[in-house]
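In Swiss-Prot this protein carries:
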{"type": "BINDING", "residues": "His14, Asp174, Gly175, Lys176, Arg241, Phe242, Asp250, Arg256, Lys257, Ala273, Lys277", "note": "ATP binding site"}
{"type": "BINDING", "residues": "Asp16", "note": "Mg(2+) binding site"}
{"type": "BINDING", "residues": "Glu42", "note": "K(+) binding site"}
{"type": "BINDING", "residues": "Glu55, Gln98, Asp250, Lys281", "note": "L-methionine binding site"}
{"type": "REGION", "residues": "98-108", "note": "region 'Flexible loop'"}
Amino acid sequence: MRRLFTSESVTEGHPDKMADQISDAILDAIIEQDPKARVAVETLLTTGVAIVAGEVTTKAYVDVQDIVRKTVLDIGYTRAKYGFDGETCAVLSSIHSQSPDIALGVNEAAEFKQGDKAEDEIEKVGAGDQGMMFGYATNETEELMPLPIMLAHKLAMKLAEVRKNGTVPFLRPDGKTQVTIEYDENEKPVRVDTVLISTQHEPDVTIPEIREALVKYVINPIIPENLRDDNMKILVNPTGRFVLGGPSADTGLTGRKIIVDTYGGAIPHGGGAFSGKDPTKVDRSAHYFARYVAKNVVAAGLADKFMIQVAYAIGVARPVSIMINTFGTAKVDEEKLRKVVEEIFDFRPGAIIKKLDLLRPIYRKTAAYGHFGRNDPDFTWERTDMVRELKAAFNL
């Protein structure tokens, strides 16, 4: 049976993504000076105000107000009529240190309190919280990501690009994209059914003008010719007007675009957000590692689709459970595949941080256009450097 599946993305000027970028810009500034800092920073944006709150334990000093303003201005909110102005907005900060009760479990995992020996200081790290994290990969795109979310991200990136470089001069920073893909009976994407773009714009431009520009400069360069047909629907600003945007139109909050950040709804989500969190928080680091595992399994040709769920207890280094699902696409025995994954990959938070080199100021750029499927050497969880080991485990 054929089916339709839809995913959305948003531009860097969307209020929730602004909040994510501010939180991660603060994290980067701290971790650059103090890689072992503990950071959990949330941002709320509304008309004329940015509020930053959270828990930070660090030896570093950072100018929160300056970081907020520079991030907002870099996104493109340089005038109040756009819905926010980085120069004139109020910035309120309420940051305190990490709870000592939480620090007890993160600084020294439960296993080592019970007498186990740590091979290495960093492997003493316990999970910063309980929860479950999911990783996924599919061979339907070269990025080994679901096609709907990849196209939605690419449209959103192109929308921001043509705004910033002046190709489409009447655009403003806020915007959203959405792509509906038709899949055939074999779960292969066969066509784009619907493309939706809602973009903030100057007040004196008409919808036909916006549509013409977006089709020419955004949609045509991104949507592959082989996935188009005469029945493909294009929707541009279907409300008819999108002049007021940004935090003046909608309150922005860190962690409210977790499906955009991951796989566009193609698989479950454990609920934990990424931005503003240092890598001892498994909400972030274990999600990255789960993607790393899934991508390597699919890249090795062991399955066409691969999902993994990993679950943790706060203060405990080793996961409480690991579950895999190949959706019937495994090329090897699935039970053996699970065992091989558990043997080859070390899911302890300290080992994850070490393997993926996560104690670096790399997070601001993850905070818009997806954390996965990106071609950037700093996104170490996108490497496929475990393919040889995985194949060897199956004598391939």
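Placement of Cβ uses the backbone N, Cα and C atoms for every residue, glycine included.
Cα of Lys281 (L-methionine binding site) to Cα of Asp250 (ATP binding site): a distance of 28 Å. You'll find the Cα of Asp16 (Mg(2+) binding site) roughly 7 Å from the Cα of Lys257 (ATP binding site). Of all Cα pairs drawn from His14, Asp174, Gly175, Lys176, Arg241, Phe242, Asp250, Arg256, Lys257, Ala273, Lys277, which the record names as binding ATP, the longest spans 36 Å. The binding-site residues considered are Glu42, Asp250; of these, Asp250 has the fewest other C-beta atoms within 10 angstroms of its C-beta. Of the listed binding-site residues, namely His14, Arg241, Lys257, Lys277, Lys281, the sparsest CB environment within 10 A is found at Arg241.
Each residue contributes its Cα atom, and for His14 (ATP binding site) and Glu42 (K(+) binding site) these two points are 16 Å apart.
In sequence order, Val10, Thr11, Gly13, His14, Ala156, Leu159, Ala160, Ile197, Ser198, Thr199, Gln200, Gly245 are the residues near Gly175 (ATP binding site), counting only same-chain partners six or more apart with C-beta under 8 A. Residues belonging to the region 'Flexible loop' (98-108) score a mean pLDDT of 52 in the model.
Neighbour density around each Cβ, counted as other Cβ atoms within 10 Å, peaks among the binding-site residues Asp16, Glu55 at Asp16. Asp250 (ATP binding site) and Glu42 (K(+) binding site) have their C-alpha atoms 17 Å apart, to the nearest angstrom. DSSP assigns His14 (ATP binding site) to coil in the three-state reduction, placing it in neither a helix nor a strand.
Between the CA atoms of Arg241 (ATP binding site) and the residue listed as 'K(+) binding site' there is a gap of 31 Å.
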